[in-house]
Each structure stands twice: as C-alpha cells, then as structure tokens.
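For reference, TrEMBL has these:
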type	residues	note
BINDING	Arg7, Ile8, Asp33, Arg87, Ser129, Asn330	NAD(+) binding site
BINDING	Ser160, Cys161, Thr162, Thr192, Thr221, Gly222, Arg244	D-glyceraldehyde 3-phosphate binding site
ACT_SITE	Cys161	active site, nucleophile
SITE	His189	site 'Activates thiol group during catalysis'
Amino acid sequence: GLSGFGRIGRMVFQAICDQDLLGSLLNVVAVVDMATDADYFAYQMKYDSMHGRFKHKVRTEKSDPTMEEADTLIVNGHKIKVCPATRNPEDLPWGKLGVDYVIESTGLFTDADKAQGHIKAGCSKVIISAPGKGNLKTIVMGVNNTEYDPKAHNIVSNASCTTNCLAPVVYALLKAGIGIEKGLMTTIHSYTATQKPVDGPSKKDWRGGRAAACNIIPSSTGAAKAVGEVLPGVKGKLTGMAFRVPAADVSVVDLTFVATRDTSLQEIDLCIKKAAKTHLRGILGVTEEELVSSDFLHDARSSIYDSLATCQNNLPGEKRMFKVVSWYDNEWGYSNRVVDLLRFMAAKA
C-alpha cells in the first residue's frame with residue numbers, strides 16, 4: 001500500500017514498475033491520497049516535468065458505473081484501488097485489502113507512534129519515506145541494512161535523500177580506516193514542494209517563506225547528524241546545513257572533514273572508487289567528468305562521488321583536512337532505495 005501519492009509516492013511506484021516488480025515480486029493493491037480521482041493519478045503518472053513520460057500502460061476504470069470518478073488504476077493490467085486519505089491511519093483498509101507493507105509517504109506520519117496506526121489498520125510493516133522520529137529503526141541501504149531485524153523492526157525509516165547520499169561516502173571512508181574526527185556538511189539542494197513559488201507566510205522559518213524559484217535560501221537539515229544514527233562511529237562528529245537553490249531536482253553534498261589520521265587526496269579518491277565497485281555497487285557511483293546537476297537527473301544511485309571536485313586545505317606537514325563532493329537525484333535515487341529496502345525486508349520475512 002502506498003500512503004501518499006505525491007512526489008515520492010509516485011516515484012516509488014514508478015521505480016517498482018521500472019524494476020519490473022509490479023504484480024510479480026510486489027503486488028501494489030492500493031494508493032491513498034487526499035485526491036481520489038484515478039484519472040488524475042493516471043495523468044500525474046503519465047507526464048512528469050522532471051522525469052518525462054511514464055514508460056508503462058496506464059488506464060482507469062470505475063468499480064461502480066454510477067460513480068462520478070474512476071476509483072481504480074490499471075497499470076500494465078494490474079488493478080490498484082484508490083482510497084481516500086484519513087486523519088488517522090488506523091481507519092485505512094489495509095487489513096481488508098490484505099496489505100502487508102505500507103510505504104508512508106504523506107510526510108504526516110513520520111513519528112513512530114503515528115505510523116503505528118498503519119499497523120493497527122492491518123499491515124505488518126511500515127516504511128517511512130522520510131526521517132523518522134520515536135521508537136523506530138533508521139536504515140540506509142548499503143550502509144546498515146544488515147541490522148534490520150524482522151522480529152523487532154516493524155516501523156523503519158529510509159532516512160532522508162541527503163543522508164542516503166552522505167552516508168555511503170562516510171561509510172567508504174570509515175571502511176578504509178581513514179575515519180572522521182569532525183566534519184561539516186552542506187547540501188546544495190533543489191527546492192521542494194514544502195517551499196513557496198512566490199514570497200508567502202512562514203512564521204517559524206522566515207527565509208523559508210521566500211520564493212523558491214528565484215532565491216538561494218539557507219535552511220537547516222538534520223541529515224549530517226542522522227548519519228551518526230546509521231554509522232555510530234561518527235555520532236556527534238558531523239553537522240551541517242542546506243542551501244535550497246532554484247533547481248527543480250538533483251542536489252549535491254559537500255563534506256568538509258578532518259580525518260582521524262594522515263591521508264591524501266589519492267587515498268580518499270581510491271577508497272571511494274573501490275567502494276563504488278564493490279560493497280556499495282549500485283548505491284555509490286563515481287564521475288570523473290566535468291558534469292553539472294542536470295547530468296544526474298533520473299540517476300538511480302544514492303550518491304555519485306565527484307572525483308574532480310575532491311580537494312584539500314593542508315599547511316606544510318598537515319594531511320588531514322579534505323573536501324569531498326557527491327551528487328544525487330533527490331527524488332529518483334531516493335525512491336529507488338525505498339523499493340530496495342522494501343525488497344530487502346520482504347526477503348527477510
């Protein structure tokens with residue numbers, strides 16, 4: 001079941017289709033959203049300003065001919081019920097529909113206690129497609145997914161798109177024995193649906209209320225600190241901030257850090273490239289070309305290390321302060337990790 005059919009909900013569904021999982025390994029039976037017009041959902045899937053045309057056959061139908069709106073999506077012959085959203089997830093028909101796993105992508109139920117409503121409604125597991133709060137497990141695929149315990153972890157968070165970009169790079173550095181004494185991360189992040197197209201009210205975050213498409217807007221992010229939740233070796237050692245910029249998709253992480261021991265640009269470059277070819281293959285990528293953000297649009301990897309952008313600032317005799325840069329499609333890469341996590345959890349059931 002997909003709870004929320006906004007940017008990430010639709011991208012997760014498209015990733016399921018593109019990975020040829022719909023109706024085979026994964027049986028999507030329902031989507032839940034404030035809108036309930038299946039024709040509108042079909043339109044949203046068919047045409048996307050950033051990711052282009054939907055590659056699969058989609059149509060709609062009415063389960064009752066007397067209904068005003070279609071309530072069923074049919075994708076590649078597979079029927080998916082459209083259900084109205086509720087204030088309380090407990091009221092959703094997961095049990096009646098036989099739903100085992102729910103992707104919680106409304107952005108409203110990221111707290112474990114609230115997400116527990118999906119469990120009470122009849123599903124077995126909930127994956128929150130955002131940073132979670134409370135008693136839940138945060139998982140970044142390729143980094144700490146082996147810690148998943150199917151008996152103990154009924155509600156899990158897929159962290160944020162930025163954490164999914166930063167964590168593999170940090171993991172590669174730790175695995176190589178380089179380590180991080182302390183670090184500052186900045187994500188230059190494309191604007192999102194929570195921002196405003198023109199200046200508007202934003203009581204708690206004044207700068208966040210400014211027009212997204214014509215400003216560089218400083219913002220807070222917990223992504224760097226969250227890496228410490230999945231990699232305890234850097235807990236308390238990383239923090240950072242974000243700049244929201246006038247780009248509709250694709251972002252980039254800038255990590256400036258002091259290593260725990262002397263190292264070099266060459267060793268850092270080599271260890272990240274090695275990780276991309278081995279234990280982080282398909283999750284961490286590498287580019288050695290002079291690319292820009294649009295070149296990473298629709299890239300399914302979580303993090304693409306920019307080898308040419310790696311630099312250092314060390315005085316004579318020093319070998320510990322470095323900067324690494326990594327790109328990510330904050331919509332598509334992240335959504336593919338949600339699907340990967342779902343498949344991983346299902347395999348452990």
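Note: Cβ is positioned from N, Cα and C throughout, glycine not excepted.
Within 10 Å of the C-beta atom of Thr221 (D-glyceraldehyde 3-phosphate binding site) sit 21 other C-beta atoms, taking all shown protein chains into account. Counting in whole angstrom, Ser129 (NAD(+) binding site) lies 7 from Ser160 (D-glyceraldehyde 3-phosphate binding site) by their C-alpha atoms. Separating the Cα atoms of Thr192 (D-glyceraldehyde 3-phosphate binding site) and Arg7 (NAD(+) binding site) is a whole-number distance of 9 Å. In this structure, the binding-site residues Arg7, Arg87 were compared by how many other Cβ atoms lie within 10 Å of their Cβ, and the smallest count belongs to Arg87.
When the CA atoms are compared, the binding-site residues lying within 10 A of Cys161 (D-glyceraldehyde 3-phosphate binding site) are Asn330, out of the candidates Arg7, Asp33, Arg87, Asn330. When the Cα atoms are compared, Thr221 (D-glyceraldehyde 3-phosphate binding site) and His189 (site 'Activates thiol group during catalysis') turn out to be 10 Å apart.
Using a 10 Å Cβ-Cβ cutoff, Gly222 (D-glyceraldehyde 3-phosphate binding site) registers 16 neighbours.
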